[in-house]
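Enquirer: Before I ask anything, here is the structure I am working with.
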Amino acid sequence: MDAGTYSISSEKSHKAAKAAAAPRPPLQEAGSQPYMPSLSTGSRNPSAKCYGDRFIPDRSAMDMDVAQYLLTEPRKDKENAAAAASPSKEMYRRLLAEKLLNNRTRILAFRNKPPEPENVSATIAASAHHAKPAKQRRHIPQSAERTLDAPELVDDYYLNLLDWGSNNVLSIALGDTVYLWDASTGSTSELVTIDEDSGPITSVSWAPDGKHIAVGLNSSDVQLWDTSSNRLLRTLRGVHEARVGSLAWNNSILTTGGMDGKIVNNDVRIRNHVVQTYEGHSQEVCGLKWSGSGQQLASGGNDNLLHIWDVSMASSMPSAGRNQWLHRLEDHTAAVKALAWCPFQSNLLATGGGGSDRCIKFWNTHTGACLNSVDTGSQVCALLWNKNERELLSSHGFTQNQLTLWKYPSMVKMAELTGHTSRVLFMAQSPDGCTVASAAADETLRFWNVFGAPEAPKPVKASHTGMFNSFNHIR
């Protein structure tokens with residue numbers, strides 16, 4: 001059941017009630033004060049006369065004698081009721097009154113007719129016509145758009161075996177082999193099969209250019225491949241002492257995290273590639289993510305710790321070659337693998353804990369404060385932000401093995417996507433941000449159209465073309 005339906009519909013009805021309760025006439029500037037009729041008789045237009053809510057008698061149109069007669073005649077009739085006249089006299093009195101009064105029965109005469117009441121319904125209709133239409137709720141398909149087999153997918157929570165590159169090619173490690181699936185054509189190709197002594201493959205990560213890919217191995221080596229030519233470019237050896245389960249790119253810097261608890265920055269352009277080492281975890285590093293600005297690195301480990309590292313602190317101890325963390329956060333009670341930097345707020349980080357924790361936490365990485373914590377009820381395996389809306393997608397393990405879409409910051413469940421029969425270990429997002437691929441221990445790869453189509457970009461105003469284009473700035 002979609003828990004977000006009631007919240008959105010109630011919000012729409014609340015807005016409609018507000019519009020009906022306080023209608024504004026058309027052609028009013030947005031944000032102006034509500035319309036109130038003037039109570040003064042003055043007007044800026046001398047030809048127009050406004051009498052407000054009072055109506056002044058016009059003495060020139062009044063006959064005081066007639067008014068006196070009308071005021072006293074009923075009383076006289078009442079007093080002389082006992083001595084009633086004959087029918088002929090009564091008829092004579094009525095005829096005389098008609099001739100004298102000219103059928104007038106009003107005492108007071110007014111210059112103008114009272115103003116007509118405002119057409120409230122028309123005003124509300126006009127206001128609703130000019131109001132901005134409410135945004136319709138996006139349809140979220142409850143079933144996977146496509147399902148592919150993924151045999152020999154390693155069922156290991158601490159690995160990272162799925163990634164989607166900027167060239168719209170998906171990479172997935174199945175056992176000792178890395179496969180590439182082109183989302184544009186639907187074609188599949190094999191990139192590399194590792195020797196049994198070096199395998200299985202423990203992590204994959206695309207470089208920002210979408211052509212080169214890093215492959216972490218169980219043997220602690222890291223390979224760099226050119227996918228356009230299926231050529232091995234180089235192998236990074238001696239960086240770690242155990243398997244490399246997490247990888248993250250920051251331009252030309254490849255950050256690797258190993259079972260030995262070390263995090264290493266490798267500049268792949270130079271021969272001596274190790275440029276920085278981060279030491280803070282006592283157990284395997286299973287989550288690594290650089291912020292969008294490339295200024296902060298988040299790392300999660302099997303020691304239940306979350307670290308925030310800042311590149312500005314790299315120069316504080318250059319001789320040691322090791323960097324001190326900016327924040328050491330110990331709120332999670334299980335391994336921290338799921339990490340996701342917010343695309344619309346640079347200092348907002350979402351993290352997910354393992355089976356003993358089950359929580360999604362939100363952090364201000366500038367201050368280290370925990371902004372919110374939500375118990376999801378099951379192991380949090382991966383997190384992804386919607387690039388076009390304020391939404392967060394999480395993948396889970398036992399008992400439902402579902403994908404849950406949350407509305408941020410209320411954290412109301414918008415949808416729960418089921419179909420996997422085992423824990424959903426990995427997720428990856430398409431370059432356009434619309435489609436999400438999920439790989440689970442049931443050895444299936446499923447594609448979900450959960451984030452919807454992005455909004456059409458606003459048209460850019462045409463710039464002036466002419467011989468003075470280079471002088472469009474005042475110096």
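Each residue, glycine too, has its Cβ placed from N, Cα and C.
In case it's useful when we look at the structure, here is the feature table from TrEMBL:
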type	residues	note
COMPBIAS	1-10	compositional bias 'Polar residues'
DOMAIN	148-448	domain 'CDC20/Fizzy WD40'
REGION	1-47	region 'Disordered'
REPEAT	194-235	repeat 'WD'
REPEAT	278-319	repeat 'WD'
REPEAT	417-450	repeat 'WD'
Enquirer: Below 8 angstroms Cβ to Cβ, which residues of this chain, lying six or more residues outside the repeat 'WD' (417-450), approach it?
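Expert: Distant Cβ neighbours of the repeat 'WD' (417-450) are 140-153, 155-157, 159-168, 170, 172, 183, 210, 379, 381-384, 386-388, 393, 395-398, 400-405.
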Enquirer: Of the residues in the repeat 'WD' (417-450), how many are helix, strand and coil by DSSP?
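Expert: Taking each residue of the repeat 'WD' (417-450) in turn, the totals are 0 helix, 17 strand, 17 coil.
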Enquirer: May I have the DSSP-based helix, strand and coil counts for the residues of the repeat 'WD' (278-319)?
Expert: 6 helix, 19 strand, 17 coil
Enquirer: List the helix, strand and coil residue totals of the repeat 'WD' (194-235) as derived from DSSP.
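Expert: Secondary-structure composition of the repeat 'WD' (194-235): 0 helix, 22 strand, 20 coil.
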